[in-house]
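Worksheet: one structure, shown below.
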């Protein structure tokens, strides 16, 4: 900027795809709220409606916020890497807290109503997604956010971190789809096949979840949309490698 060069811009199309993803995300949250409010009585903690906090928290935390956390490095392409890392970790941490509230809600609701836990495919996939997501967050903070890990170790772990980040996002959406189907079969099994409004609305929510997931994954896998390293970051990386591994910057 000091030499008169224009400020860096985002690649063509990236802003549009990100904006559409956010519109889809807000729409799926509104659809979840509409389903629970219109057909399931709403959400309340210390009441028979406590269970309804579970799907709301899971869609908000494990899908919307997790997806936004994955998009951080595409959206904030020209900000300081440290700040971007912190925001990435913060959004993932917030998603974990909200998801934990949702898990507590379903376990307490089951205990109150005498319903057994962890017997369905939805519960197995959902709990696996949460536990692995927590592990992924802890490892990510340990390797990338806090100092200590060597340059080579970070480099070796980074591909696994990226792969499992996308894989867990997909697993989270899959678990939500299983949960929607399970809830519909429990609540409206006699009328579901007759295209009742609740079934149509819940199916629409499922389609929105798939669309949001596909759009986020598309943005993440476009090679030309990856965050380019800033000049000062490349210099710091070489200095860090030299100090920790005794290699010359040109080696």
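The backbone N, Cα and C atoms fix where each Cβ goes, and this holds for glycine too.
Positions annotated as domain 'Cytochrome b561' by TrEMBL: 20-221.
Sequence annotations record features per position, and here TrEMBL assigns transmembrane segment to 12-36 (among others).
Look at TrEMBL and you will find 56-76 (among others) tagged as transmembrane segment. With a threshold of 8 Å between CB atoms, the same-chain residues lying at least 6 positions outside the transmembrane segment (56-76) that come near it are 14, 18, 21-22, 25, 28-29, 32-33, 36, 43, 83-84, 87-88, 91-92, 94-99, 101-102, 105, 126, 129-130, 133, 165-166, 168-169, 172-173, 175-176, 179, 205, 209, 212-213, 216, 219-220, 225-227.
The transmembrane segment annotation in TrEMBL covers 88-107 (among others). A Cβ distance under 8 Å defines the sequence-distant neighbours of the transmembrane segment (88-107), meaning residues of its chain 6+ beyond its ends; these are 45, 50-51, 53-58, 60-62, 65-66, 68-69, 72-73, 117, 127, 130, 133-134, 137, 140-141, 145.
Beyond the transmembrane segment (127-149), the same-chain residues lying 6 or more positions past its ends with a Cβ under 8 Å from any Cβ of the stretch are 62, 66, 85-86, 89, 92-93, 95-96, 99-100, 103, 118, 157-158, 161, 164-165, 168, 171-172, 175. TrEMBL lists 127-149 (among others) with the feature transmembrane segment.
Annotation comment: TrEMBL describes 161-180 (among others) as transmembrane segment.
With a threshold of 8 Å between CB atoms, the same-chain residues lying at least 6 positions outside the transmembrane segment (200-220) that come near it are 14, 17-18, 20-21, 24-25, 27-28, 31-32, 34-35, 38-39, 59, 63-64, 67, 70-71, 74, 166, 169-170, 173, 176-177, 180-181, 183-184. Annotated transmembrane segment per TrEMBL: 200-220 (among others), in sequence order.
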